[in-house]
Protein chains: 2
Amino acid sequence: MPAYDDLMAFQRTTEALAQVAGRTGWDQETMMPVGAAPQRAEEMAALEEVLHARRTDPRIGDWLEEAHAPDAAADANLRDIRRSYDRNHKVPARLASELARVTSLAQGQWATARASEDAASFAPVLAEVVRLRQEEGAALAAGTNRDAYDALMQDYEPGGNAADMAAMFDKMRPRLRALRERALGATPAPTVAGRFSAVQQIALSEEVAAAYGYDMMRGRLDTAVHPFSSGSGTDVRITTRVDENDPFNCLFSTVHEVGHASYEQGVDAAYLLTPIGRGVSMGVHESQSRSYENQMARSEAYCGWLFGRMRDVFGDIGVTSERDFYRAVNSVGSGYIRTEADEVNYNLHVMLRFDLERGLILGDLDVADLEGAWNDRFASDFGFAVDKPSNGFMQDVHWSVGLMGYFPTYSLGNLFAGCLMAAARRDVPGIDDALAQGDPSPATGWMRANLQRYGALREPTETIRHATGEDPSAEPLLAYLEAKFGDLYP
Amino acid sequence: MPAYDDLMAFQRTTEALAQVAGRTGWDQETMMPVGAAPQRAEEMAALEEVLHARRTDPRIGDWLEEAHAPDAAADANLRDIRRSYDRNHKVPARLASELARVTSLAQGQWATARASEDAASFAPVLAEVVRLRQEEGAALAAGTNRDAYDALMQDYEPGGNAADMAAMFDKMRPRLRALRERALGATPAPTVAGRFSAVQQIALSEEVAAAYGYDMMRGRLDTAVHPFSSGSGTDVRITTRVDENDPFNCLFSTVHEVGHASYEQGVDAAYLLTPIGRGVSMGVHESQSRSYENQMARSEAYCGWLFGRMRDVFGDIGVTSERDFYRAVNSVGSGYIRTEADEVNYNLHVMLRFDLERGLILGDLDVADLEGAWNDRFASDFGFAVDKPSNGFMQDVHWSVGLMGYFPTYSLGNLFAGCLMAAARRDVPGIDDALAQGDPSPATGWMRANLQRYGALREPTETIRHATGEDPSAEPLLAYLEAKFGDLYP
């Protein structure tokens, strides 16, 4: 099978360059001097040009025709390479390079404009990003029966489509709204208060990250405006953010990113720098971050341990019982910010973005009307008005970097997390006893053994099915939420 | 001139990728998790493969044949591209990739072995680096009348050669030895003592770096094992190191790297991401770092200001007069470490390396005999014995990353610095009065106006001649050293 070997040698170099590109993005968010932004945009465009040329190299087509897969891993590698080759062949090099350049600039302009609540200065560059992504979506949809939005979604969730997402949302919406109404009508949860120094928060986050299995010998933790995980293989970095008035933001952001990073760190070392040596989709990725963040770290068992640990670290934190602490951690409120939303409201935030971004890509919504559309929809869905752009349509980095089609995978991840944790609790009876001791390893160990180590060996839905033994469905998540929040807001 | 425009558009992407490669090297020294080293070696090899393919792209040959330079800057760009094209065409892609991979690994093994004084574990990988560099030197020398060592030197000092270096060293050696004998026979200089916290040292270094013109909006300061400057254009980063028992190591390392970084930051913005948009050679680069570090920061005038500032920051520092502080800063001693050597001993350290590395490349010295040869030569030149590898042949990172042919440019830089500062003091009478106020800007301003802004517009020797109006010579440096250390050790 020389064709397969030649293809994989070529691919390995491409994978290594993709890791460099990812880390250059990490650097941009964590280390880059502010004055370097225009030069960085040229650097990112240059990397994108090289990667695009490699991913569309005509030799790949020849190799793919001749290559035979000796085993299931090779078969999965060929499937992934073929998908990427077909995809990148549809996108002209000029467009790929332009997208890299514009999104790099737009990300910087988003950060600046967001800091000064300057929606007007962000709109032109966002319009340019949308225009380029529309063009890309149309190119990808050509010759398929997908529309431009579904075509874009394939990059994040192979096999996913807006109709399925809409059906999922239709099933979730009434039951989440009912939970929300119930919580908002009940006695408000207590809140923590105290002095939460940045240094102590970071130290606690590092301690918790290690307990959740994050390996600092193959990663590092820094701060950034928007928490994220970056890289695959032996260099998987995470970022978090710190609010000295709120100890939960840093801690749960960290555990969330540890979920993502553990997936990457957990993939079989034999898959290093191959197409299957990384998480299979954004939805499955988010199943890990949400399992870690919500189903483990926000569980009543783990909150019991965390209550004691936080009192050790910070002294008086304003609540005095494990139950009140658990209620504070899981307070259902009326916030503006998706990333700070509780488990009940979170998916409602995603539904809003899903509809708006689909409108942008399909041409039903102009960028000029985006802020108004967001604010109207938000008032209708959440019952109060957006007060400023950083609490509204400019809160997330995603659209500035062109990530339309990505948001719904967050909700899909929550759905998958529901399926996975139900299976883990079925298979491993001691999960909550260990969490009550501050030890998530029975749960994280189940994830590693049943999902993480396989990387992208199987397609997303099949990955969940293999781990759980069942077809994915929204029911486990909804049942979990109704049990948890029914107890919290009786 | 479409050929020139096409060539420069292609070149601009290559320059951007080279910036990424440089920053990936920076990351490896400052941010990379230890467990990522093998993967990083593959990433660096992948980048090198891409850069090599671009630098040997046959289209460059066609463009170079057709291109006409509309002005002096274009002429210099074409000269540089032609030199790089010819050079890289001589080196097989397989060898370039192998060099990148092996030197990346060797650098990690050097750091590990150095920390544990384990010369034996470093020798095999160093032998591999030497073998590859011999092969590269032979390839580069083919068709020229240069030997392999001179051929390698062209990458660092275009136009330089070992015969000129040897002649320079022959002229410097007796006068430096005489100064050394005089100093070691005189009353020893006083030494500073006190508590020098890492945090305060870094803060003082940042303050001083800013005064010397380093722009943090287009750079950043971190710590690393070996201080270095990295990058061109609008993202020029420096590192330093901190020894809590010695406040001078961090401070003067920083000023040294600020000299390098100021050269890169000072180049005309119109040259960004073009071949002339960076320092022209290592020798000219070192002229900047040594002017900043020695001729400015270690001057009697600046030491007067620094004495007061350091007492403000650290309290009692063990010396009580400006003159004693100046003597402590410029103490001539008997140390093992090149980077910590005083101005009198420094070039003697370089001469040792120059002869040994030339022997390695020309096959006159085996890596197996390197430690012994180093220790014998050191005892002969400096009069005392090397006590451990980290104080001997393993002290510098250079050979692990294949930088043979580089060391002599350090001395050439000192020579150029002597020429430049003599010219600056001739042209700008107020330099020392300003330095006495902690203000190096008259001197750094002269450097920016007369040298830095031109980047690589002119060849190295011509760059010095244009700035000073005279041919480079060792005489100004030797006269400066004899006056300074004749006064310090009367």
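Glycine is no exception: its Cβ is also placed from the backbone N, Cα and C atoms.
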Further Zn(2+) ligand in TrEMBL, beside A:His256, A:His260, within candidate set A:Glu286, A:Glu300: A:Glu286
Pairwise Cα distance for A:Glu257 (active site, proton donor/acceptor)/A:Glu286 (Zn(2+) binding site) [Å, integer]: 9
In the chain carrying A:His260 (Zn(2+) binding site), residues 6 or more apart in sequence that have Cβ under 8 angstroms from it: A:Ser229, A:Ile238, A:Gly279, A:His285, A:Glu286, A:Gln288, A:Ser289
Proximal but sequence-remote residues of the same chain as A:His256 (Zn(2+) binding site) (Cβ under 8 Å, at least 6 apart): A:Pro227, A:Ser289, A:Arg290, A:Tyr292, A:Glu293
Residues flanking the Zn(2+) site, with Cβ no more than 8 Å from the Cβ centroid of A:His256, A:His260, A:Glu286 and excluding those residues themselves: A:Ser229, A:Glu257, A:Gly259, A:His285, A:Gln288, A:Ser289, A:Arg290, A:Tyr292, A:Glu293, A:Gly413
